[in-house]
Amino acid sequence: MAWRGLAQRGWGCGQAWAPPAGGRSCEELTAALGQPRLLGRRFNVFIQQKCGFRKAPRKVEPRRSDTGTSSEAYKRSALIPPVEETAFYPSPYPIRTLVKPLFFTVGFTGCAFGSAAIWQYESLKSRVQSYFDGIKADWLDSIRPQKEGDFRKEINKWWNNLSDGQRTVTGIIAANVFVFCLWRVPSLQRTMIRYFTSSPASKVLCSPMLLSTFSHFSLFHMAANMYVLWSFSSSIVNILGQEQFMAVYLSAGVISNFVSYVCKVATGRYGPSLGASGAIMTVLAAVCTKIPEGRLAIIFLPMFTFTAGNALKAIIAVDTAGMILGWKFFDHAAHLGGALFGIWYITYGHELIWKNREPLVKIWHEMRTNGPKKGGGSK
């Protein structure tokens, strides 16, 4: 009797326990079955315990990290789009999420530099032909009547007055402006958040590492980045050349996003990131490393100047502090990764990568000269 009473108090059907949906209560089930003659009271106790284990269904709530959801953590930054509708959850195996981005980073970097080497080869071949074409065009222009106020002529004049670096980054700036306009289309918001913002908690991991480099949600963010890129374009292209610069810039965007992925997985902050800051930090760090004695100034305070070497040290210190302290306004991990990649490439990477491109160029030259080999057949 004592054991039965304990079972009724501890495991009986009270307010904290609910019967299964569409079923009967414990008392109704016991009354329906009746009192068995052979087993006696033990059978009644067994039924009560079994019914008592049926819990009322609970609502499953999404798991939250200690730092809160990514949207709550990144609401204070005006540089990223509002992502309240997009839920990012920590992966149960966060280290595994870095495998695909790692292979994508290595593969894309290799393809970028390989394509740049082939591009330079083709460009050198076409310069001789374009030289003679230019002489012919100048002779035809001298005997052809000139049009006054021709809009195309003015555009060509403006284009020819630009430096090689400015002409190179014009396409990059145009791509950033185009993507910025896409952000203003309401029907494309979900697509833009999915493919043009990078986060290790997103379902799409690899392509946003490149596409987010051309993505800006804030006009001020885009204007500031493009101004810095335009300012350093002539110096970086004079140092690296047009083809090598494009390979470094695109690779820097992917590498800086991978560093951001690693930091987010390590800290558990899975907020989205976007912008060309990581790639631009590579350009800035490369120029400051190559010309440390150059004088720089802040756009709003042109009267204060400082050396490029000191500016680079200050930028690295600020981004390191921001990454450690968890500042959320900028993606300091991507900035720091881009700056370190720029320093490494100017110091060691140029010798290791670009100067060893000759075997690939030879293979491409043989393919262009000999063409595809045709299989022999019997006549």
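A Cβ is built for glycine as well, from the same backbone N, Cα and C atoms used for every other residue.
Per TrEMBL, transmembrane segment is recorded for 102-121, 165-183, 204-224, 244-262, 298-317, 329-347. Residues or ranges marked as domain 'Peptidase S54 rhomboid' by TrEMBL: 209-349.
By number of Cβ pairs under 8 Å, the transmembrane segment (244-262) is matched best by 102-121 from the list 102-121, 165-183, 204-224, 298-317. For the domain 'Peptidase S54 rhomboid' (209-349), the DSSP-based tally of helix, strand and coil residues reads 104 helix, 12 strand, 25 coil.
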